[in-house]
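**Q** Quick one: the structure is below, and I'll ask about it shortly.
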Amino acid sequence: MSATIETASSDFSNEDFMTNPSLAMDACFTAFDKDGDDRLSLAEFALICRALFRNDKGHIYVVPSERLDEMFAVFDKNEDGYIDRDEFQFCWNQWIKTIVRPISAYLIVDVQNDFISGSLNISNCSAQQNGLEVIDPINKLLDTVDFDSVFYSLDWHPSDHVSFIDNIKQRPIHPTSPLNADNAQVYDTVIFAGPPPMKQRLWPRHCVQDSWGSELHKDLKIVDQGIKVYKGTNPEVDSYSVFWDNKKLSDTTLCGQLRMKGATDIYVCGLAYDVCVGATAIDALSAGYRTILIDDCCRGVDVNDIESTKQTVISNNGVIINSREVKAMVEGRDRRPELGYKLAMELKNADSDLSKNNACRRQSQPQQDRPQ
């Protein structure tokens, strides 16, 4: 690779990138405009991606050609086969700047007593994983990584919650349900009559509001500016995701908090991998966020369901990493092409949370650095 590209790639992490954004934008455009025609071809855009998508050890991530084409098309607004300087301003402000200087939220899901040693201790489930093992790596990240915001979710159920097996006779069962109130057991799925009819997996009574089981584990570090988000408070609807209840009838406070923080990247971990953690990661992706699942900071219920969760996250352009990789990614020194592709596709969708957040960031930029 040429010295020019090497220099440009290092400049993506240079302090001048943020302190003199207009100069950095012009320098980047000029560095990659190899033929000097004041526009960027697909081949020149590919060189930008080669410089952009790499880690802090110099490893270059390969971008598949079809994804390169799709990303290029997002910024080639007039579809003339080139990215001119005006189009590059959009590319720079909405895409490159987010990739290099993401705003990262750390979302710690349901690290509560009942899931670790209480009534729904996940070590008693089929995967036989120990929920206590997530606490040390989660705490280490809190101690060593400068996240822009930290959230703790809590399952927070009323005593008459629909998911508790000992409440099954409080609601009529639909005729199509494979099981009835007399033969259903823990972890089975029944269909309540509603209306509308509703599938419900049955769990032991757990995380009842203000009980010991609902408390965050005593060894989990709680940072001063951490924000607690409560879910599962509606007795008639279960809520695995920290974003929405299972029927998408209502959201939690998380959506608004992330928008207020201007978050672009969400790092998800906790309990249980294939239930609340997985549902949260999938909803984060659906909302348009660049989503990173921290594998060694999660433990789950069922091995097959855990693998299914991983595949769903990956297939929706999320990334699964180990906690030792988090710091470089949060600091913009390890830049993954999957997340760059996710962002580019979201920029086509003006209604996504990520596009709205980027628009807010754009409004706060100096006038000379904005697209005209």
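Cβ from N, Cα, C; glycine included.
Annotation source TrEMBL lists domain 'EF-hand' at 20-55, 63-98. Per TrEMBL, region 'Disordered' is recorded for 350-372. The compositional bias 'Low complexity' feature in TrEMBL is assigned to 361-372.
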**Q** Just to confirm my parser: what is the rounded mean pLDDT across the domain 'EF-hand' (20-55)?
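**A** It averages 92.
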**Q** I'd like the per-state residue tally for the domain 'EF-hand' (20-55) from DSSP, helix first, then strand, then coil.
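**A** Tallied per class, the domain 'EF-hand' (20-55) gives 23 helix, 3 strand, 10 coil.
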**Q** Helix, strand, coil: count each for the residues of the domain 'EF-hand' (63-98), based on DSSP.
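**A** The counts are 25 helix, 2 strand, 9 coil.
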